[in-house]
Amino acid sequence: MPDELKPHFANVQAHYDLSDDFFRLFLDPTQTYSCAYFERDDMTLQEAQIAKIDLALGKLGLQPGMTLLDVGCGWGATMMRAVEKYDVNVVGLTLSKNQANHVQQLVANSENLRSKRVLLAGWEQFDEPVDRIVSIGAFEHFGHERYDAFFSLAHRLLPADGVMLLHTITGLHPKEIHERGLPMSFTFARFLKFIVTEIFPGGRLPSIPMVQECASANGFTVTRVQSLQPHYAKTLDLWSAALQANKGQDIALQSEEVYERYMKYLTGCAEMFRIGYIDVNQFTCQK
């Protein structure tokens, strides 16, 4: 495999393999680490995370017996929901050892007879035909230079009627920031640098046109783009409140420095979503 297409194991593990117990202190019981969908204002975080998963899966046209590939499967909530609700076979890919081990336990404890696999591997290493693809909160880690390769692979793996649901945070081009009258400050620039160096090493956000153009260039039609921007601000508010409420345990598990870093990250990102510097979108890509 060429060096440029080796999965970014080190970058992903630097964040996601910090400690499962630490993440449990602020995530909901499904351990879903992406934007929730508050379909109703009175939803709990767990209900809203399941609603987000259902929103994504509902766009795929899943039928019993199909095989769903989950690229960046996290701690397995989307995979297991797909098996439970749609009676499909699932394959999950993750670069995180902790996540892979957790999903293996979920699979071992499941009584459902459908095939359920999790691979400690990147999409760059996967080459099996599947019926549908879902990817929630992983695209941000790929790097702009790999978008074409990812869409090309997805197109090749899917059947003629294949669909991929891509859920990713998106950023604005500086020109768009100016056109929308948003302030370009050193504070904003410093925060972005903090995120890509101390929280998500190697992370880069796509713009909406970038996703649409790469999808189209590789044979997909983007049939729908749905923004969940206000939902991510609320999700982050709930995460930071939970982290703060468990401060003593956070510090005991990690350190005060890690606690402060995560509070800065969660509260700062919530503000970025509220102001409009960043967005989160679900792209429905039809082959």
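Every residue gets a Cβ built from N, Cα and C, even glycine.
If you look up Swiss-Prot, you'll see 33-34, 68-76, 94-99, 123-124 marked as S-adenosyl-L-methionine binding site, on the strength of similarity to another entry. Taken from Swiss-Prot, the feature active site covers Cys269, and the record attributes it to similarity to another entry.
In the three-state DSSP scheme, Gly72 (S-adenosyl-L-methionine binding site) falls into the coil class.
In the three-state DSSP scheme, Cys269 (active site) is classed as helix. Every protein chain shown contributes to the tally, and the Cβ of Leu69 (S-adenosyl-L-methionine binding site) ends up with 25 other Cβ atoms within 10 Å. Glu124 (S-adenosyl-L-methionine binding site) carries a helical DSSP state (H, G or I). In sequence order, Leu93, Thr94, Leu95, Ser135, Ile136, Gly137, Ala138, Phe139, His141 constitute the residues six or more apart from Gly72 (S-adenosyl-L-methionine binding site) in its chain with CB-CB distances below 8 Å. Cα spacing between Glu124 (S-adenosyl-L-methionine binding site) and the residue listed as 'active site': 29 Å, rounded to the nearest whole number.
Rounded to the nearest whole angstrom, the C-alpha distance between Trp75 (S-adenosyl-L-methionine binding site) and the residue listed as 'active site' is 22. For the pair Leu69 (S-adenosyl-L-methionine binding site) and the residue listed as 'active site', the C-alpha distance works out to 29 angstrom.
Highest local Cβ density among the binding-site residues Tyr33, Trp75 belongs to Trp75, counted as other Cβ atoms within 10 Å over all protein chains shown.
Distance from the CA of Cys269 (active site) to the CA of Tyr33 (S-adenosyl-L-methionine binding site) is 14 Å. Sequence-distant neighbours of Cys269 (active site): residues of the same chain at least 6 apart with a C-beta under 8 Å from its C-beta are Ile195, Tyr232, Leu236, Ile278.
Counting Cβ atoms from all protein chains shown, Leu95 (S-adenosyl-L-methionine binding site) has 22 others lying within 10 Å of its own Cβ.
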